[in-house]
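Visitor: For reference, the structure I am asking about is given below.
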């Protein structure tokens, strides 16, 4: 993985949710433990099509459909061997590359999605981080390594360590990244819905981010931030940390709450278009902006237009 030349661009627009788009098309069975990774087996062209819809609406970065595609859970739920599981993970990168080529935008970055351990458990623990109390850093490094290796080998430009709920897992990923010295990644946390200045596990976000950047001795983390939180909480999260040595990344969800019954509205929040938050976020040094669950191409189109107008001003 060679470090892309455009990591230092003024602002980069990320894509929105791939899983939500596939779900809207009826391609993800309800409560499937593999979630969007199932579609790597059943309908790869649909994944390519979703990536293309984001690129055509202004995304500078597309994220692979590998959030829940870890080797062990692919083996468990598909009844396949390790080599077949690794091939499926590589396929997620190949789909994103195909979309980039078909859209004729060679400068679009492919970010290899590396979801947390909790996501593969399909028990919502990526929003609590409870497993961090019993899983060691070493165990988490071992669990994440095969997918990271596959995504890098398949040709991802960068890695997206995303929806990380706890400091221990974040430090494990920073340690693992050192095994791949030519690779770069952003590191993004899930946060407490009621306390956006804390990780989902309840740790002070400022302390956690600073510890992770301190551990990143080789400077491989190029952005740090939050995702799959309400857009209304992004600014509060970054104000709590103050400026850091790398810019921020932010890609919140629609503002709805995810429960065991699915996504439900949060009546406590006033909803605005995602693009409406862009000026404030850029003022806070957010340089990588997109959407997570329940956001789509229209949202990203709005973000791209907002970013373009600010840069042009």
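Keep in mind that glycine also has a Cβ here, set from the backbone N, Cα and C atoms.
Source: prediction; values computed, not measured.
The domain 'Hcy-binding' feature in TrEMBL is assigned to 1-307. If you look up TrEMBL, you'll see 228, 292, 293 marked as Zn(2+) binding site.
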Visitor: Within 10 Å of the Cβ of residue 292 (Zn(2+) binding site), how many other Cβ atoms are there?
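Guide: There are 26 such Cβ atoms around residue 292 (Zn(2+) binding site).
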Visitor: So which one is it: of the binding-site residues 228, 293, which has the fewest other Cβ atoms within 10 Å?
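Guide: Sparsest of the binding-site residues 228, 293 by Cβ contacts within 10 Å: 293.
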Visitor: Give, as a single whole number between 0 and 100, the mean pLDDT over the domain 'Hcy-binding' (1-307).
Guide: 95
Visitor: Within 8 Å of the Cβ centroid of the Zn(2+) site residues 228, 292, 293, which other residues of the same chain have their Cβ?
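Guide: Surrounding the site, in chain order, are 17, 163, 227, 229, 251, 252, 253, 291, 294, 295.
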Visitor: Going by DSSP, is residue 292 (Zn(2+) binding site) sitting in a helix, a strand, or coil?
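Guide: Once the DSSP labels are grouped into three classes, residue 292 (Zn(2+) binding site) ends up as coil.
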Visitor: Could you check what DSSP calls residue 228 (Zn(2+) binding site) once collapsed to helix, strand or coil?
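Guide: Looking at the DSSP assignment, residue 228 (Zn(2+) binding site) belongs to neither helix nor strand, so coil.
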